[in-house]
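Enquirer: The structure is given below, and queries will be raised subsequently.
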Amino acid sequence: MSSWGDKGAGNPTSMVTVSGTEVGQHLQEISNQTSVSDFLLLGFSAHPERQPLLFGLFLGMCLVTMLGNLLIIMAIGSDQHLHTPMYFFLANLSFVETCFTCTIVPKVLANILTQRHAISHTGCLVQMYFFMALTLLDDFLLAVMAYDRYVAICLPLHYTTIMCPQRCLLLVAASWLCSHLLASSLTLLMPQFSFCASHAIPHFFCDLLPLLKLACSDTQIFQVMMFAEAALSGVVPLTCVLVSYAHIIHTILRVPSAGGKHKVFSTCGSHLSVVTLFYGTLFLVYFQPSSTYSAEIGMVASVVYTMVTAMLNPFIYSLRNRDMKGALWRLFLKKICALSSLQGASLARKSGSFAGYLAALEADTIATMFMWLQL
């Protein structure tokens, strides 16, 4: 007994060596899956024992993100009270977050589930393009929403004139156009680079900086162009957000009552929380030269702004917004009313008029409650 215990506990170095060997063998098996034209999304493959936990975590975040954002879009579309510029921009932001999740998370889940981490060269570039375009679009929409809050709080008498439907559509269309133009300009330059070294990307999706680390071509001009576009698409919208909130805070401080200050600030507190979370992680990853890029820090920060931020946005905007909570509640009651009406019609056909009468009475009661809540 004692000799067995001495053998098991006396050489921790051997245990570390065996563990490292297993990880190395696992990575070697992954590298054998790819051809010369493919990339490998290593991501979290260095920790195979954590794959089930990560799969459940990412799947849960994906479902919550898509359900939350789709509910916001449905609530805004079905409620006449929310057909205003602020909620029009919020619906666009929720749609972008849904597309953002569909661009990254399904491939991550497929890689974890099948343990096949290869992605084609074309597939990698397509994923990178949509990731950049949607990130830039998110950036522009946050700036547009900050401008909307500035006009609503600082220029309330001119709000309906300035934020007319035509101007709102123009701002959203310009955001979509600029984001896709900037993303395509960088994506079209990537095929010119040769990747003569390893094709293993230490990330869970095709991001720009990890791909540049693998290129053996001269990327100096590309990096200058990348930072110029980052300044145009990142610093300029952020400056718009900061200037807008500087005017908003100045206006809030001039409100005499504490209750009035709280009411004014509550209209933009949700947006300010999302802006802080989004820009904090984004600057941590992209505003650094590729030579000092850290894959570990990049992956953690990327999980935050690709999954966590998109998941929290519906909660931030709905839980802190009384109008949004009311719209979600009315949407829920409307679905229950429609379901009860269908069940009443079905019972009337199957089991006679009395059961149908009861079901119709229940549907009428719910409909009355729904109409009362809309008043």
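In case you wondered, yes, glycine gets a Cβ from its N, Cα and C as well.
Annotation source TrEMBL lists domain 'G-protein coupled receptors family 1 profile' at 68-317. Taken from TrEMBL, the feature transmembrane segment covers 53-75, 87-106, 126-147, 168-190, 221-243, 264-287, 299-319.
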Enquirer: Between the transmembrane segment (126-147) and the transmembrane segment (221-243), are there at least three Cβ pairs closer than 8 Å, leaving out pairs fewer than 6 positions apart?
Expert: yes
Enquirer: So what's near the transmembrane segment (299-319) in sequence-distant terms, Cβ-Cβ under 8 Å and 6+ beyond its ends?
Expert: 43-44, 58, 61-62, 64-65, 68-69, 71-72, 90, 93-94, 97, 100-101, 104-105, 131, 202-205, 207, 270, 273-274, 277-278, 281-282, 284-285, 325, 328
